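Structure, as structure tokens:
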Amino acid sequence: MSLHGSIKGDAESDVDDVEGEDEIQDQAQLPAEHDEIKVQFDKDIDSMNKLLIIQAKSINKSEKVEQQQREEQKCFMDDRESRWKNLGRLTSENRNFLHHIAYCGRKTGKDTARLIAKIILRLIGTNAMGMLDSSKRAPLTVAIHEKNWAFINAACISVRPDDRKKMGKHLTLECQSARDTPDKKCLTCLQSAILTLSPSIDNQAQSILNMVEFVPEDMFTITDAMGRTPLHLAVEYDRGTAKQFEIVERLLERGPKALELKMLNQYGASGFTVYQYHEKTRRDAEAKELMLPPPVPRKDPPQGEKKDEKGTQPRKDRPDTRKTDQTGQTKGNPKSSASTGGQAAGQSFKRRDSVAETPPGRQEALSSLHLNTRLEAEVNKASVSSPVAQQVSAKPQQVGVDHEEEKRRKNENLRKERQTNADKIRELLKLTYLRNMKPQDASRFLHIPDKADKELWFDFGVEPRTEMTLETFKKHFTQFQHLEFDNILQYVAVPRIQIDLGPNQPDSRFQGSRHLLDFFQWLQQKGVKRILKVEVDDMPSQTPAHSDEMIEKALEPFGVEILDWRRPDLCPLMVSRIGINLRKITLRWSGSNAVLRSWSEPEGFASIPSLRKIEIHENIEGLDSKERTNSNLDKFEARLKQSWSMRNPKITKPDFIRPDYGGLLHQSTQRVRDRGSTVAQTPKRRVDPHKWMQCMENFAEEFRQIKGIHEKQMDPLLNPVTVALIDDGTDITLPELQVRTSPRDRSYRSFPGKSFDQFQGGWRVSPYWVSSGGHGTIMARLIHKVCPSAVIYVIKLMTQRTATSDKLQIEPKSAIQAINHAVDRGVQIISMSWALKEPKDPVDKSAFNEAVRRARDHNILMFCSASDEGSFPDYTYPYLSNPESVFRIGAATKEGTAPVFLSNGPDISYIFPGIEVALNDEADMNEFEGHNSYTGSSIATALAAGLAAVILECVRLGAYYHMTQKTGTLGYINRDDVTKIRNKRTMEEAFNSITVSRVGNSNY
């Protein structure tokens, strides 16, 4: 017995009527005692088929005839409704009547879908739509697997939205079954629809879209055997056709939690996020396209071959040019099947009773990660509504047309359409991650393996910049030139910058500043196209604020969504010009009622329909009383509501947050947590320089003269050494740290880095080029003094001040992240001028130990500081994590002796200068003001890392020289020596060979 229908559009759309008669299988041949419920259901379907066929034969349907037919259908359902609702009476395969309809299939017409929809409505008060049969599938899931278009369209299109939501509530059992199945073989109706239905066909795309609206919320996080959520499946690159972007958009709106889930990798561990999976399928599809053979060029017929009178080849050699219908089937062939899954008119299918066979959607879910390109299938079943299909079908077919060439053009057009839609999906995913996740989390979820990360935000820091010349400010652009930005930035934050204009005073006709316009134009030149949030402190001070004109010019290209430009009384017209995507605006208000009125007019903020929140801060105390001010704010809110209703009647008015009254608002944002020095302090006096330092500086001065020491080589092993400086950040703008890569290159060598320091609850990232207490800057200068050719990779830790000490405590998780990141970056040395107590959390302790083991396994030389707390045993991390893999460095006086405050002498690997170490000039000494002598071991650690870097560089340059000169001198340094010197034991031998004295068990 069979039942299968196809409709187009909603329930009232015109569709093809039923043609031909039903082939009625004689169910009486089935022994009733085997499954009498099943036999009864078959009889019900027989009766329904006959009723539909008889009604379809009516050519002229008057209103009276249609009313009669509706009565006939009503009688048909009334006679059987009680039996269908008795869910205690099921077939032997645990199927109710809806299951039975879903397993049947044949093409009839829109009337079939409408009648099925009526039956669904009769049973919507029961759990018939949510019951699972023996194959653990609900009726809608069955219909999708069986490609029963009548049932799918009835449930997802013909049934009204409110009733669909009632129907969706019954699908929770399917969610529970899919989640509880150990092997994850059970797919939900949503997963099945995305895997089976084609977004290129209007009805099927609409069915998916409607399904997203009515399925339970839990269904969006259900995963298949490979850990893929419905969103993972929807973003596959090969599905990027027609309405797929809209499908992904709806999935993100209703099921954003799927963004946080990762599918499994090939080893069964946590693998790809949704964005990463989309990029993987894109790469796989592009790689597969590159492997396709080139198109065969069209060949002209051999000379002398006979042609017909029209100049074409004889019919036996000519391709079939008969007209085809919209499904790609040749017209006139009654046995051809429509690509939409239905049968040609008059062709019937026998009911598929077997459920043992794995459905196609499930097979796909259980397959490997290899992705089959669906391009050929999409060519054959592209809807006439697709722009590409319209373009192709608009061309009349001509006799003698080259079908291979036509097929190639179709493929190319669909390939372009797929790429365009996939690009939109990729941007939508990225925007959603950046809008909803904290910066560090978004960075992890958007990271593409084997691809260099780009900056997703730009933060100048929070401390106001004072007495900066315009030239110095613009020089930052050169010093940040190495930064590679993504085209979408999550946020840009700029503190108050006081520019000393000197003789360059502003023109009397234009009193505002413009330095931030230069900054935002620089971002645009770096490829930034969107900035989601802009936070700028532009309060008037010694430097004038920016005018509305400058702000508009600066922000107009970026489609800002959240704006916090701290300058009083922004012009609403200016905001509307930059605010096509604006969702939230934070305003500084001078207290003027005239400003409130301009903001609340129809041409004010009501002209920005995307706006969802308005937050006002009263920046200075106005002239009016508090009562008068509150009254003005009340009237502002009322006028805004009225203006909004007039301009945007169908959009909810934005939320309004009134200003707090508690005194003046701080004109610059303060850090959420206090900052201080991560190092102890040295006396504010001149000291005699260490002879060791003088020796190393003299060597470095000669070392700088070597040609090409900064240049990268073809062989990565021969590139300059990279030292990961894990500290509190480094001021990379210092002139001393600026190095040209080569004499002929005008640009300076970059100072790359990464920050794991967060504040404002993790929504802001303190940049690595800002040192929280100056400690990291000193460490970088010391390393650079000793080894000027080393590339210093700055990794900033998260620190916080304790209530009982002025010293900053390192947050262990950030240290773990920093060490792992250094390993991932492929550095050769890690310098950690700090020590922390053993983590109390066993998870953190295990992760810390694993990070150090990773660094050891990658042959990275690790240097850390000894504790400066006296001679009492005080074992600290990272040394305690793996003592055999880490150099523990202590401080020495200028005489080469260990100070009394140095702890654990027997467990210190080496001592280096660290007491009253002076740099060359007065400017350098100023950096040490405020630091005391307890910083000894941290300075010694930086010098030890610098010496190790020099040794690596000497071996590298020796190997490079012999390789380029091709000398074969006995005992010459070769490439293998570069690898050997990176081993800790080999470096110990090198250190021991240049030791000048021994202090206890430590070498100086």
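In case you wondered, yes, glycine gets a Cβ from its N, Cα and C as well.
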Out of 1-33, 595-627, 628-660, 958-990, which range is noted as region 'Disordered' by TrEMBL? 1-33
Arithmetic mean of per-residue pLDDT over the repeat 'ANK' (226-255): 93
CB neighbours of Asp727 (active site, charge relay system) within 10 A? 31
Coarse DSSP state, helix versus strand versus coil, of Asp727 (active site, charge relay system): strand
Reported in the order helix, strand, coil, what are the DSSP residue counts of the compositional bias 'Basic and acidic residues' (401-421)? 19 helix, 0 strand, 2 coil
Whole-number Å distance between the CA of Ser938 (active site, charge relay system) and the CA of His775 (active site, charge relay system)? 9
Cα-Cα, whole number of Å: His775 (active site, charge relay system) versus Asp727 (active site, charge relay system)? 7
